[in-house]
Amino acid sequence: MSQPGIPASGGAPASLQAQNGAALASGSPYTNGPVQNALLSSQESVSQGYNFQLPGSYPHPIPAKTLNPVSGQSNYGGSQGSGQTLNRPPVASNPVTPSLHSGPAPRMPLPASQNPATTPMPSSSFLPEANLPPPLNWQYNYPSTASQTNHCPRASSQPTVSGNTSLTTNHQYVSSGYPSLQNSFIKSGPSVPPLVNPPLPTTFQPGAPHGPPPAGGPPPVRALTPLTSSYRDVPQPLFNSAVNQEGITSNTNNGSMVVHSSYDEIEGGGLLATPQLTNKNPKMSRSVGYSYPSLPPGYQNTTPPGATGVPPSSLNYPSGPQAFTQTPLGANHLTTSMSGLSLQPEGLRVVNLLQERNMLPSTPLKPPVPNLHEDIQKLNCNPELFRCTLTSIPQTQALLNKAKLPLGLLLHPFKDLVQLPVVTSSTIVRCRSCRTYINPFVSFLDQRRWKCNLCYRVNDVPEEFLYNPLTRVYGEPHRRPEVQNATIEFMAPSEYMLRPPQPPVYLFVFDVSHNAVETGYLNSVCQSLLDNLDLLPGNTRTKIGFITFDSTIHFYGLQESLSQPQMLIVSDIEDVFIPMPENLLVNLNESKELVQDLLKTLPQMFTKTLETQSALGPALQAAFKLMSPTGGRMSVFQTQLPTLGVGALKPREEPNHRSSAKDIHMTPSTDFYKKLALDCSGQQVAVDLFLLSGQYSDLASLGCISRYSAGSVYYYPSYHHQHNPVQVQKLQKELQRYLTRKIGFEAVMRIRCTKGLSIHTFHGNFFVRSTDLLSLPNVNPDAGYAVQMSVEESLTDTQLVSFQSALLYTSSKGERRIRVHTLCLPVVSTLNDVFLGADVQAISGLLANMAVDRSMTASLSDARDALVNAVIDSLSAYRSSVLSNQQPGLMVPFSLRLFPLFVLALLKQKSFQTGTNARLDERIFAMCQVKNQPLVYLMLTTHPSLYRVDNLSDEGALNISDRTIPQPPILQLSVEKLSRDGAFLMDAGSVLMLWVGKNCTQNFLSQVLGVQNYASIPQPMTDLPELDTPESARIIAFISWLREQRPFFPILYVIRDESPMKANFLQNMIEDRTESALSYYEFLLHIQQQVNK
């Protein structure tokens, strides 16, 4: 964003500061971005169906609860920063800098009262209904009219206006990164063992072909001549600005280079980009891709477009070489209905959930495959990286409203990949209108022209792009890696950078108060740092520093010329200053011995301290001042509630009411940590918080420092090196991953979509720097994001839509890189097709994000009611609009057969459960995880996997690196699946629980647990002995394999029948009734009663 006192690109300082959370002069409340959307829910009247009641039905169904609109607005973005929408304010010319560009102003959305498309929403559902005031509820489709932060305004996919914006690519490794603990996406078929040393991704260098070049060699590189007109004014370069970097430099018509001064301009294609001249003929063929084999007769149901895809008379382009022929992918390559595909029969089934019980598959649930031609689908993005809640996009907003399902994307953009194509080229080909990166779903009209699949502009193919470095053939632009891979990484040239890449900087901030010393965490952390010091991502420029604090702040001089570390104490916490800053952040290679000495002595330096106060706020201020010039990663370790100086907090939790549905302490008690996080984001500093506390520490307030700076939160309740050794093991394992995993610095991310679609709300840890540009001072491979979308214009003229995320970052090696993911989905016109393409896991994940926001802006009970109403609304819509005959029971499409189960699991998840057995910090941490975890981990935490493991066999096992990994079937989460003569393993994501029945076989007890009888099982038991038996080898291999697939370390608890941990085990039996929640069958009866009203 802009520096203090400097207006951001294209806007007045006041409005910008308001958006980013700075208090306005008028005294308006401090807010951080778009205001929470109203939960779009149209309570469409549902026809009175046959109210079928089964014997034994739940006698007192829950009445449907209508939420009251919530007045006012939250000053904060919620626990994770509410997913918010942001309307674009009119863009004012910069009064200081003369406008360098001109162009038509973007179309602004009308106020809710004037915009016929924006319908007010009732508070307890997702769908539009007339004559109701817009409450503070979830909203699928439309942005709200105010603004808050951590979730962004809508990013319209209108042909965005030039703004010549190419991502400034932060350079990342040419390799795909460090070996990952997680398995990469593997297509169906035999499992592929993970590589111990993943191969480096291929680097394509047009200037250095793999073999002898074709006759005559490749042509000389011709400089691109992008347009320079842009709607927004360009201020002077802001070299420390994080937001101003998603962009490309452009050549003016006379060939001179103009370096843009903001990320938004470099990356380009944002809301304020300028539309280019495009063909306005609505009948113009919007073909996608390049020549594909002809389809079977069943697919050829429409007339294909013309050979060129664009009427020559309407576009006066030179014909260019005519030898290149390409049949564009037209309507004959896409069926108009799901019935055209040879889907599995169950895809079209209607399921009565009250009669069919075993709907949970015995293998991990796979995402639905979009209804696309196989030649398009094989190029599509891996769903682990990029997936949509609806794999068939509704043609209109009205159709989406009628389906009453959320439309959104879930992303894991920086995931560790075994193979990642990396392109090194002086020319990065992008659409000159919307700045989309060329991708597999564009159309080549001929050898010299390609049509953008997002805004449909026809662009010229640069000369260099005609040469294919893989085949060493000239004249094959459609075979280049950029159009053969939906996920690709570009090495960005220097003109993509606003300032030279900064060195990797790692600053560690340790709490050394008496409480911290008692936990013994310093021993574990310092030892982990010593063990992994050489594995920190970076190069010869890597810098490191340390700060400790109690009631004072301690700095450590580590300059190479010193014989031992020098401790500098600052006792004035009211006005913190940095003593000898040049000695505090030092080159790791040059001062490694001093760093090692400090890490060895630090745990003993404060063993006799009696200081109980904690000045966390002043310590964070000092750390921020130290890191501001370069940016980097700040790792903060805290063990108690801050009690001294700025940011001091007071206990707010009442034990007897700590988890009630009307909890009022889920929002921050101060805006200090949020304001500081915004300052950190502006200087490219991300803050990761490690909270190791058995007492209430107000994570709702402390978590803001990570949420808005794109950091992460780690929570270790009741950490103690002697009393809770299993937490020590967990901290060490997770620190090893944290310290050695890949990292990107100075990152920004933008998501684009096809014209007609609009992105209006973002979820995750970041800060929205401009209307659709996410600022990520650090990006890590374990973070996930979500966005909500609406259909802004009818999609009747297109059969395919595309989504593209572009992540610009600097690698730890100092390379600027752009990682691009592109997803292509079909457009459908019938409600049945929308339901058939529903992705129930993605829908559940997006609803969980929305429910966290609702908890913050309204209340926990409102969030729970909205989750239930999401199921009622969608199944009511299916019953009334799709089913031809009203049958008794609870009829659902096969794609949504698990929707009620997953929503019930969310209601019983720690984030949203009622009762008083969850501490407030634990609930807040669970909500942090919902907002920051990739979908695969979120679903595992929400709906654990249950396996029977006392009879493991090699049948159907995976063979990975000489290991045999058993694959037992997944069981339903109900006690009726348990038996006292067996042993059952529950994988709940962050914890593994092995329940051993009282009558378990002697063979399992002796061959796996190493005990002679049931009573001999030690309590607590948190590890399995490695015995020389086949049974022991199988279960240890299986548990190790489960742990390897995630970036966090799940603790294993072996539970006897009378163990206190048994209650935790049974709490995760989602289908059974608990003291405060319905059983699955009772929940289905409640849903049925509401649907049949």
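Quick reminder: no glycine exception, Cβ is built from N, Cα and C everywhere.
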> In Swiss-Prot, which of 1-29, 523-551, 755-783 is labelled region 'Disordered'?
Replying inline: 1-29
> Which residue counts does DSSP yield for the region 'Zinc finger-like' (431-455) in the helix, strand and coil classes, in that order?
Replying inline: 0 helix, 8 strand, 17 coil
>> Can you give me the same-chain residues 6 or more apart in sequence from CYS452 (Zn(2+) binding site) with a CB-CB distance under 8 Å?
In response: CYS431, SER433, CYS434, THR436, VAL442, VAL458, ASN459
> Near CYS434 (Zn(2+) binding site), how many other Cβ atoms are within 10 Å of its Cβ?
Replying inline: 31
> Which residue counts does DSSP yield for the repeat 'Gelsolin-like' (966-1038) in the helix, strand and coil classes, in that order?
Replying inline: 23 helix, 13 strand, 37 coil
> Highest CB neighbour count within 10 A among the binding-site residues CYS431, CYS455?
Replying inline: CYS431
>> Just to confirm my parser: what is the rounded mean pLDDT across the repeat 'Gelsolin-like' (966-1038)?
In response: 94
